[in-house]
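As written in TrEMBL, here are the features:
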{"type": "SIGNAL", "residues": "1-28", "note": "signal peptide"}
{"type": "DOMAIN", "residues": "84-162", "note": "domain 'PA'"}
{"type": "TRANSMEM", "residues": "191-210", "note": "transmembrane segment"}
{"type": "REGION", "residues": "218-237", "note": "region 'Disordered'"}
{"type": "TRANSMEM", "residues": "249-266", "note": "transmembrane segment"}
{"type": "TRANSMEM", "residues": "272-291", "note": "transmembrane segment"}
{"type": "TRANSMEM", "residues": "311-335", "note": "transmembrane segment"}
{"type": "TRANSMEM", "residues": "341-361", "note": "transmembrane segment"}
{"type": "TRANSMEM", "residues": "368-391", "note": "transmembrane segment"}
{"type": "TRANSMEM", "residues": "423-447", "note": "transmembrane segment"}
{"type": "TRANSMEM", "residues": "459-482", "note": "transmembrane segment"}
{"type": "TRANSMEM", "residues": "488-506", "note": "transmembrane segment"}
């Protein structure tokens, strides 16, 4: 059902859940234990369900005060209350609006929260919703009054509620239902997200067997540069690789930080649209290569009809048809990207793009891998944990939440809807948490293959296991931190780069890996460097 407030279900995926919970004293159960006059109530994440003219709409998330009545966990234990704005709106003095039996709404400011609650309660209100002056929600304290004697629930809601509810309530009847459902310890969607991430890295590593590795072997067996050049034009899928250098790794992390700051300060609807277009272009290219690589491998000697296009030149009809289908898929996703099912298309495009990137960009040795992953390690920690000390909020989390875009997150994420969480929302993982470790894992696969190492004596299998455990520790940290955003590379780098260095040191391969140079990569593109 469409609700004028917009899709408030998205709030649950982006609002920070690392709320400070006050220590609760044992209070005798009075009237079922739902009321407490003291300023030591446990803070609850409140669900505010909304009805418009009798039709159930979406919901928004709020946070209860450390005083007043606690909210029940089940919605059938509380009645729906008509929503009424206090008059004056600040709720600091007796309201000229009739508040009896209603859920009163007031804005933050001009007086303390306890005063607002006492005024609403004296007017007969059954609940008070305080509209914050910013989109985040914060804990409501007693401001020094340790015994406010408030018997109604007090909930803080985001800033956007004011304008949207004002518009809705102008000509429609709005009712609210407040309760606090418990969240499951683990949502099954985490398992799917874990499987997609591990599967993407695994597929990207072995994808060389379906395309690039064959071209490499063919070129290594060529005896002349002309024959090598001819081999490079056998199919539409041939592509060169780019070896990342130490300087390139440092420059990349610097540019990533600059870009993150640009997103933080200048993120808007049009900026998000630009990112969406770029994401679609990368997704189309990746999907086209993913489809065409096995096709051209199986039909390398099959006759193909071609067509000459302006600017592009001669291309096969099959390749052109696949490209057009990929474009249609990407455009359809972009048009419906706000739909509840759009995560499927976003994940398909994103996985294809990441597999393609892991074929184009390569780490030549462990020296470059150490520089890149260590910088990425501190990059993740700084922008998640340290940036709030400078910018008053976590830059990484703010960008992922879709700051100034109405809650729509950037598309450079894999996401899966929470299946058993009453709050809904999505579990997400950024592309960087897959690509950075993926570069190292694909390198170890090439090293094992070119060094003819068995599965047990190689590095690829061990790193895949390490990556899987790193993601597990990430979600474990997310749970232990009550849903607060976690820098995944904090766990993934030690579980991948750390495992590689330790194993190489034990086996005596560290020197070889540190300055390793892949001959096959050099034959594909001996001078490419980023």
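Using N, Cα and C of the backbone, Cβ positions are placed for all residues, glycine too.
Caution: TrEMBL annotation is automatic and unverified by curators.
Among 249-266, 368-391, 423-447, 488-506, 423-447 has the largest number of CB pairs under 8 A with the transmembrane segment (341-361).
Beyond its flanks by at least six residues, the transmembrane segment (423-447) meets 9-14, 45, 47, 61, 181, 183, 187, 189-190, 193, 197, 200-201, 204-206, 208, 244, 256, 343, 350, 353-354, 357-358, 361-366, 369, 372-373, 376, 380, 400, 409, 412-417, 453, 458-460, 463-464, 467, 470-471, 474, 488-489, 492-493, 496-497, 500, 513, 516, 518, 520-521 of its own chain at Cβ-Cβ distances under 8 Å. Tertiary proximity for the transmembrane segment (272-291) is limited to same-chain residues at least six positions away from its ends with a CB under 8 Å from its CB atoms, namely 237, 239, 319, 322-323, 326-327, 329-331, 333-334, 337, 348-357, 359, 402, 405, 408, 410-412. Residue counts of the domain 'PA' (84-162) by helix, strand and coil are 13 helix, 17 strand, 49 coil (DSSP-based).
If you look at the transmembrane segment (311-335), the same-chain residues 6 or more away from its ends with a CB under 8 A from one of its CBs are 236, 276-277, 280, 283-284, 287-288, 291-292, 295, 304-305, 342, 345-346, 348-349.
Counting Cβ pairs under 8 Å to the transmembrane segment (488-506), the top-ranked stretch among 191-210, 249-266, 368-391, 459-482 is 459-482. Highlighted: of the candidate stretches 191-210, 368-391, 459-482, 368-391 has the greatest count of Cβ pairs under 8 Å to the transmembrane segment (249-266).
Across the domain 'PA' (84-162), the prediction's mean pLDDT works out to 83.
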